[in-house]
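Visitor: My questions will all concern the structure given below.
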Amino acid sequence: MVDTESPICPLSPLEADDLESPLSEEFLQEMGNIQEISQSLGEESSGSFSFADYQYLGSCPGSEGSVITDTLSPASSPSSVSCPAVPTSTDESPGNALNIECRICGDKASGYHYGVHACEGCKGFFRRTIRLKLAYDKCDRSCKIQKKNRNKCQYCRFHKCLSVGMSHNAIRFGRMPRSEKAKLKAEILTCEHDLKDSETADLKSLAKRIHEAYLKNFNMNKVKARVILAGKTSNNPPFVIHDMETLCMAEKTLVAKMVANGVENKEAEVRFFHCCQCMSVETVTELTEFAKAIPGFANLDLNDQVTLLKYGVYEAIFTMLSSLMNKDGMLIAYGNGFITREFLKNLRKPFCDIMEPKFDFAMKFNALELDDSDISLFVAAIICCGDRPGLLNIGYIEKLQEGIVHVLKLHLQSNHPDDTFLFPKLLQKMVDLRQLVTEHAQLVQVIKKTESDAALHPLLQEIYRDMY
């Protein structure tokens, strides 16, 4: 602790050996700070010293961009000296504080030292080097000086100090000139504005590409489905399947190809289960093409691509299936047919349990009132999920999903400005979908074991294998 009753004495010269102590840099820096403050107070005895010059926006972890004020503590300033309060100007208020990085290492700058914005560490390093006339071993590697490694190469660090304009004859400690502050503010605002515009353009471009890929690769989307369900289509209304008789009629026309593979003579529930599988296989093919169009997906290892699709397709299928559903039933056969919810509930066990949970999910999901542009980003985020078992390049995939989720969040804010909780609601749906798929996979295993006629499609067998 500094004896505040005693005058502060100047630093005594240190031998080079003294600098080898692990604590010497911090000790010298702290003592140097005391001397600098003492000299500054002596030079500005008129009382114009202002604490406002030490306010800046924190950029370190945990600061959350809040305003931080570096005040002079008893350990670093003489308590016997009192500074009269001086009203600060508007441009020096905390609200207008600047977030400035050290020109040498990129750490947060504590002020304008030796002619440049520098942190306390680099300020002290430069001061010691000049005062003690230190000579460092030459380094030809042009080391990159950063906060985390700034103490490793002193030669390159000092060279960086000089290259950015640090000078012992320049302003050593104190307030930034008003002209410099105004110029810096203008540069920061211009830079932030340009970066924001550039980022916004990139995000909009990504959202557009994913939306276009969605519309291109899927035969049915929400826009088409809602027109048909609302009865506004110019074509014939969908054929309604509400009992066994209408199911048989539909099998001869709408889904004739699906039931022509040796299942036409089996009972209705088995034929229905077979049709469900055929539609799932077709959607898996569409999802594969959609995934390839997601920027960055094609760069993944092929094994990772397969893993992401294996674990993500059913979550995506049940998401998109919601667009084809209302409380009374769902569209089938590209919107040419409509099968009622009541009919599906009246199928025998366990087939009656296949669709009802999907209707429950769809009613809640549709209540969010998403459009195809929202759903396309949501499906892309589902596919590019970094926590799937067996992935190789987890870090890359997590960054890929993080980017898509960020675009989704901003897109929702723009597309649904009045629903501030839409994004967290949608994230919760990801959790709900996993539970829904788990229950579906368990039901399929039950059907596979108990229904000898209900064979699984080879592609779906591969997807279900070791899934849960």
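Glycine is no exception: its Cβ is also placed from the backbone N, Cα and C atoms.
Taken from Swiss-Prot, the feature DNA-binding region covers 99-173. Annotation comment: Swiss-Prot describes 239-466 as domain 'NR LBD', evidence class sequence analysis. Among the features that Swiss-Prot reports, region 'Required for heterodimerization with RXRA' is placed at 304-433. What Swiss-Prot lists as site 'Essential for heterodimerization with RXRA' is Leu433, and the listing cites similarity to another entry. The zinc finger feature in Swiss-Prot is assigned to 102-122, 139-161; the stated evidence is sequence analysis.
Each of the listed features needs to be described in terms of its position in the shown structure.
Guide: On the 0 to 100 pLDDT scale, the DNA-binding region (99-173) averages 89 in the predicted structure.
Across the region 'Required for heterodimerization with RXRA' (304-433), DSSP assigns 89 helix, 10 strand, 31 coil.
Sequence-distant contacts of Leu433 (site 'Essential for heterodimerization with RXRA'), defined as residues of its own chain at least six apart whose C-beta falls under 8 angstroms from its C-beta, comprise Glu315, Phe318, Thr319, Phe361, Ile382.
DSSP states for the zinc finger (139-161), grouped as helix (H, G, I), strand (E, B) and coil, give 8 helix, 0 strand, 15 coil.
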Visitor: Which residue counts does DSSP yield for the zinc finger (102-122) in the helix, strand and coil classes, in that order?
Guide: 3 helix, 7 strand, 11 coil
Visitor: Across the DNA-binding region (99-173), what are the DSSP residue counts per state (helix, strand, coil)?
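Guide: Final tally across the stretch: 22 helix, 8 strand, 45 coil.
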